[in-house]
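Enquirer: Please see the structure below; I have some questions.
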Amino acid sequence: MSGQFTISDLNRLYQRIIYRNERLKKFLKDPALSSSFEMKYAQRLLQEAVDNLIQNGKSGVVPEKDARGRLLKSLSDILKGKQGRFRQYLLGKRVDYSGRSVIVVGPRLRLHECGIPKEMALVLYSPFLIKRILNEKLADTYLSAKKLIRTNPLLVSQLLREIMKSCPVLLNRAPTLHRLGFQAFQPKLVDGKAILLHPLVCPAFNADFDGDQMAVHVPITFEARAEAWKLMLARNNLLSPATGEPLILPSQDMVLGCYYLTTNCAEKWSKLKKGSGMYFHNIHEVLKAYNQHLIHLHAVIWVNIQGHLETANNIEQPLEIRIPLNQKYFYSQKGSYTALAGRPWQLLLREDAYSSNGLIAEANAGNLPQINVAEGEVNKNILDLRYLNLNYMEIYSKTHNLLNVNHSTLVAQRGQIKDNIHLPQLTTQIIRTTPGKILFNIIVKNAIEKRPKLLSKSNFKGGFIKNKLVNAIDQEIDNYFIRKNTALS
């Protein structure tokens, strides 16, 4: 350029060695100078030139510089460092059909899915896209296919989504310390410029969402895609190949989200939440109301529950049980009721439920606020004519679940006739909870139901490894509740 020559730094260093070597030869040819001070100085200059070729400026030697005063790059300078020959050209290099971007959390993705920006996907899948356009006769030539991609974004997006269903991508995060640092995912087209990643696969990559970047590669050949689907798919790599420990564990944003779903607001603030105090017939009505923004996530609501429920007595409030007082089993005379239980349990009458009817004094007079039932059979008159105008009777159960107490029955007596009625036939279970806790329980239930399917898909058939996975998940849940209790206290 402009009559100037560009010379490599190595050529300058080799040139200096050649010049000094020729100078030393002249001294060696003259016997009078073979042992002189000038010849020893020439030997030293040659040695310094060779040292500068290997590592410029080593051991206090005057470094070689160009006309601008810049240090010349020696052999060691060319090999070492991030821009060196090994790291830039051998250990890592720029390849076709690859990209790089920042990762962000994608909570709505499946475990084996990732979100690829549309701008990046157009470049990565360009050979598949152009081939599809030409096969479907949407364009005649390569140039016209490229023009169609630029001018018809709606058609291109539709074709791109169909192509991405059968073409996986490989995600990698440096440094790749083990083989699970390179996994296959099914791509989904997303807006923006960031790659969406499921938070559960972060431990395998040792990644987080504070600005980490990941590389994307597209396997081109059929054999490479088949290997990615079979061996490298994220949902097929649940356990660490080195230790057998599970890699799919909740962390970071997921733990924070679980805590937010199950947190308890202060009583004075929970009453102000939208929808607090509402009653729902089942869980589906709660989810429907929440999706329609009719209730707040932390609103205290009452839900009718059928089935087995468990609560931790030191954390959750007791369950509320409602026994309907219908005319089928209760008459105008006193009824004698027997509770048969396999273990001691206790029922407490809710006095506040009768305050509007002025029945607190009557309940106290009839010795009704507390009914202790021990093992075996205990008879106690708990109903009178005075209470038959009620629609139901509310009681608290201090055990996990009144409906699931073994062999629990109520015996209704009318004269000499007794009707044995199972307690679940008479009771309706109402729970005081929040929509957030319902969502959390549904998520945990779905995860537990799908856990055997995930284990069956893995190649680990030993029961020991399966038990380690189950125990690790249970331990993680226990640790979460311990942290939650510590935060609440």
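In case you wondered, yes, glycine gets a Cβ from its N, Cα and C as well.
Heads up, here are the entries from Swiss-Prot:
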- D208, D210, D212: Mg(2+) binding site (BINDING)
Enquirer: For D208 (Mg(2+) binding site), what is the secondary structure by DSSP, using just helix, strand and coil?
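Expert: Assignment for D208 (Mg(2+) binding site) reads coil.
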Enquirer: Could you name the residues, excluding D208, D210, D212, of the same chain that surround the Mg(2+) site, i.e. Cβ within 8 Å of the Cβ centre of those residues, in sequence order?
Expert: I103, A207, F209, G211
Enquirer: Identify, among the binding-site residues D208, D210, D212, the residue whose Cβ has the fewest other Cβ atoms within 10 Å in this structure.
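Expert: Relative to the other binding-site residues in D208, D210, D212, D210 has the fewest Cβ atoms within 10 Å.
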